[in-house]
Each structure stands twice: as structure tokens, then as C-alpha cells.
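Engineer: A single structure is presented below for examination.
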Amino acid sequence: MKKVKVCSPGTSANLGPGYDIFGLALSNPYDIVEVEKTENGITISVEGEKAEEIPTNVDENTAGVVAKKMIEDFKIESGIHIHIIKGIKPGSGLGSSSASCAGIAFALNELFELKLSKLELVKYSSLGEAVAAGAPHADNVAPAIFGGFTLTTSYEPLEVLHIPVDLEVLVALPNIQVSTKTAREILPKEIPIKDMVNNVGKAAGMVYALYNNDLDLFGRYMSKDCVVEPCRANLIDGYTEVKEKVKDMVYGITISGSGPAIITIPKKEHVIDIENIFKEVWNCPVYYTKVGPGCYVEEIE
């Protein structure tokens, strides 16, 4: 095996009250990560969405950081060339950096037959997130590896729970810049007990709803975060207006990750109406897609 081509999905983290815990894999958008054996060293090339803004230096690129660590840990003597085709816009709130991290970990596992578990792949993938977010995070890389719906419940040790789900989602991607750093800095350092109770209760209810295939309950609770979303809503011009306009057309709506992407669980009969509202307010790309699988191999040479 000389080359492997992997599809790595976009993801939506938080989903309302599940801040830094919940994650969802999306069938669209996605990145393609190609890894080819070379004589020595690690080289990186990028094309696609905002490719010119993505560093190709190994120590500054999220995929490069993951690759370097895995090559060191497993004493891989071969060099590699990483080619990333970005289908997920960086800074979108749809796990762009996570797709690169998960895609390279998955690809190296296949190319060099490392036989790592999905949990081990999440652990390596999360190291690359430190480049983008300042610290390792798994709420996006976990669904990118596992697919479906994931809960990252612990980091020491790393624990990820996985629930296969069948959901359709409608995602808007406003052309608004939201810095992940700013979106984290504006969050409160402490919260009242009543807010903690609200979010824990709603998050638990969402898991219950998934097991009972209750879209109404899942979406209603997804929309009821009282800690993070109120702080971030003002970073996305028009969000409060849109949330009010579509409230009867969706089961649930919230900010995807740190934004600016907005994720909804739409009522099928209103999909076109919601799309029109998104385009009227933001004139932006819209994805009508399903919850999808984690990384998978597209091609091997």
C-alpha cells in the first residue's frame, strides 16, 4: 500500500446544552485527506476552501502535528506527503480543523496498518486541535472518527460514548467571522447552580430523546442552552431574528460549535421555507444533509 485517500466529515459540536461534550458527524460538508508514502520527512499541500490561509508548515498545520506525533510514536521510517482537499470552510463552526486531524490519524492508521482503536484515533486527533483551539479538544474529532452522535465524557482518561442516529439536519453558514478564541473568552468563568441544573437536565433529556426517537424532545432541549448560546448569539448578526422566525418550522435550532454556522433539526415540510429565511437574512450557503459516518477510506493504491 503506497497511498490512501480518506473522506473526513464535517461535525457540529455542543448542540446547545452539551458544551464541549456533544458532537454530531455530518454527511456534508467534508474534507478529503490523501496520504502517500515518500522517501523521508513530512510535506503538506492544501487545496479548496481558504487553502491559501492554511499553513503547510508541519508544526503549524493541525494534520501535520498529528502526523508528526504518530510517526514518532510508532517509529515509522517512511516519509509521507499529505494532501488535503478542504470542503469545510475554516472558521465555520463545522469542525474544519477537526476533519484534517481525524482524517490524517485515520489515514495513517490504514496506510501503516497500526491497528489503533477508534478511541486511540480520537486521542491522536485531539492533539492537532491544540493548534486551532489552544488545547486538545475531542468534541469535534470524536464524531469525525466514530460518526453519528458522540459524548466526550472525560479526558483523563479519555472516554467517548457513541450513539448511532438517523437524523436530517439543515445547516446555514453565514459569511460572518467568529474567532474561536473570542467565542471562548466571552463565556462566563462561573455560572449559577440553576443554570447548571438546566443544562445538565436538558443534555440528559437529549440523550433520552435519541434512544426513544423523539425528535420533538431532542430539538426542544437542543434549543434551550442557557449558558453558552446567550453569550455567543450576539457574535452572529441576525441569529436571534432567525431563531424566532423559524421556531415553528424546526424541532430545534442552535449555534454549531463556536459559530457562525447554525444547525437545525428541520420539520421536513418546512425545509424550503427555512432555506429561504436563511438566504434572506444571510445570503449564505445552506446544507441539507444527514448525520453521517465517521472517516472512511475512499481509495487505496
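Glycine is no exception: its Cβ is also placed from the backbone N, Cα and C atoms.
Annotations per Swiss-Prot:
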BINDING   Lys89, Pro90, Gly91, Ser92, Gly93, Leu94, Gly95, Ser96, Ser97, Ser98, Ala99  ATP binding site
Engineer: Long-range neighbours only, meaning 6 or more apart in sequence with Cβ under 8 Å: which ones does Gly93 (ATP binding site) have?
Structural biologist: Ser12, Leu173, Val178, Ile255, Ser256, Gly257, Ser258, Gly259, Pro260, Ala261
Engineer: In terms of DSSP three-state secondary structure, what is the assignment for Ser97 (ATP binding site)?
Structural biologist: helix
Engineer: Compute the mean position of the Cβ atoms of Lys89, Pro90, Gly91, Ser92, Gly93, Leu94, Gly95, Ser96, Ser97, Ser98, Ala99, which form the recorded ATP site, and then list in sequence order the other residues of that chain whose Cβ is within 8 Å of it.
Structural biologist: Gly10, Ile88, Gly257
Engineer: Go through Gly91, Gly95, the listed binding-site residues, and name the one with the sparsest Cβ surroundings, counting other Cβ atoms within 10 Å.
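Structural biologist: It is Gly91 that, of the binding-site residues Gly91, Gly95, has the fewest other Cβ atoms within 10 Å.
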Engineer: Got a sec? Which of these binding-site residues, Lys89, Ser97, Ala99, has the most Cβ atoms within 10 Å?
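Structural biologist: It comes out as Ala99.
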